[in-house]
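Annotated in TrEMBL:
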- 47-111: disulfide bond (DISULFID)
- 60-121: disulfide bond (DISULFID)
- 91-101: disulfide bond (DISULFID)
- 220-230: disulfide bond (DISULFID)
- 348-358: disulfide bond (DISULFID)
- 464-474: disulfide bond (DISULFID)
- 21-122: domain 'SRCR' (DOMAIN)
- 151-255: domain 'SRCR' (DOMAIN)
- 279-378: domain 'SRCR' (DOMAIN)
- 388-497: domain 'SRCR' (DOMAIN)
């Protein structure tokens, strides 16, 4: 193919090639991808030889992003096509265009497309960024590059509604907001806009007004997760006064998911519940993110990340009542699931109503939970972050909780009463602020001096289920405040963390190690002192026996950070009889229940030694010997063997029959976890007076609600029922 000589454009201080850039390929999110260059009527790529973060900064800024986060070599985003326009690129990072950087010369390269370079740009756009189109032809091959996008309510009275579901589509270009002409506008374009703003679908809307327009039309396929991934349409013809000749301003009307839909009587739903019974997200810190789990044959399982992409992730997000996917995640980044891997090599068109309608490989051989797929979805802007803040902390992730409340007709900042304040309430605060999971809940905050004019208590009696989107949605006293201690030094506080542990008990170990032992009281004195026996043990002679239901428990930390006791080491309690420290007085509860849910026997286990009993490809970090640190490392197990004290339930007074056996880890929510529903193991149990059988042991939340109904009256650690 014969190429024209390079086109040069004279600048005040340099001569430069006129090029356009775009991000393409197999992207996890809209602001990353393979760097492609348009020159001489053809799109091509850049070789990764000598490429640096400085060159990545130039690429991202040329595309309107503030900076580059990282860059990748070896065609991470797939192999491109056409010419390799640049090789051995050297930039200082201050250039306005990649064409200003030195290289081998345009089109001079000895690379292959296996060396195509990619970048990840910051989410933030350059203020005042103006799109400059250097192409006279092939404009439709460009991606849309604007500073910002918004939906602006048509009527001023509607602008206070949360969320804004319909209005003019406006783009910010060159520091000015401009509307789009509806000439050639399609419902696929509306679908992309609504998805960007957290809405699963769109509906028709007509408007008739005159406004100032952006100079281009938009061409989306409907599968894009963001407007910047859509192609630029042709130039829009405008009149002398800036209005478009044949069209009107684009108006979109989005349909919110059920959790975000305002209703006349109650407002939007306070406790978040995902809409679809066949798909759920687990392990995410905020609403709209998590490991994807699907229900098949009554059992929840995960999706293998082979071929997982943004289109499939968007199907999941829309199915659950969110917008398009911001990012698809692989490699179990939001924690590893349990149970089977139900789907592999998922391929979606993007218009399926459910991920279960997509093509997939039922054979998941070779897939493990290390490859669990996850998503981060666009959710509607509810304005919750603006009504809450952390004050006085050493960093943005901690501080005294201050809320914006209405008092005497005006909005004022104030504190939250710390009475009854705990992990669940802290979880809601961290989620509302987008700061991840709760790390600790504090009932004294004298060491965090907040705003003096915000010392007054404006919220008391707060009780959260842990699933609310805002602290104001939790139960509280309203205007009838009751806080004897007052605010200031006794105000509620939190510290947040981007990651959290997740303890899961192995149900098979419980099932396979259960047995009965008749043990004399003479050998149970230490256990008696630690209240590990039934209350009737205090009324029997010393030469009597107790019948103990013994079992082993293997507790795995499936989360993304270590599990550490809430209490610091200097406050651990020494138990002289057993000669060890308790870092948590109640670490697990053991209950034997009748089939109607009545408790007939109980036990508990203090965490006298939280340590890494078993670990894979890691050094054990926690050992109890010599007053060592206690905890469970990510990916490690802590095993309590069946033959140690208190690893039992005293069933001396239990009559023969059918029962339900239940184990709950971290029952008082002392330590924050990413998922409490899997802290429970439930088993069927049959006792004939001499022998015991344990069967059907499983983790809470592992099966459908219909299956769980076979365990009536049973606690499932659903925090909503606190």
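Every residue number used here counts from 1 along the chain in the order it is shown.
A Cβ is built for glycine as well, from the same backbone N, Cα and C atoms used for every other residue.
Unlike curated records, TrEMBL annotations are generated automatically.
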Model confidence over the domain 'SRCR' (21-122), averaged pLDDT: 89
Densest Cβ neighbourhood among 230, 464 (disulfide-bonded residues), 10 Å radius: 464
Helix-strand-coil residue split for the domain 'SRCR' (279-378), DSSP-based: 16 helix, 38 strand, 46 coil
Packing count at residue 111 (disulfide bond) (other Cβ atoms within 10 Å of its Cβ): 18
Other CB atoms within 10 A, centred on residue 60 (disulfide bond): 25
Candidate disulfide-bonded residues 47, 101, 121, 474, pick with smallest Cα gap to residue 358 (disulfide bond): 121
By Cα-Cα distance, the member of disulfide-bonded residues 60, 101, 220, 348 nearest residue 474 (disulfide bond): 348
Under 8 Å by Cβ from residue 47 (disulfide bond), counting only residues of that chain that are 6 or more apart: 84, 86, 87, 88, 89, 109, 111, 115, 116, 117
Neighbourhood of residue 101 (disulfide bond) by C-beta distance under 8 A, where only residues 6 or more apart in the same chain count: 55, 58, 89, 90, 91, 92, 95
Local Cβ density at residue 91 (disulfide bond) - other Cβ atoms counted within 10 Å: 21
Neighbour-count leader, CB within 10 A, disulfide-bonded residues: 121, 348, 358, 474: 121
Cα-to-Cα gap, residue 121 (disulfide bond) vs residue 220 (disulfide bond), nearest whole Å: 22
Residue from 60, 348, 464 whose C-alpha is spatially nearest that of residue 220 (disulfide bond), among the disulfide-bonded residues: 348
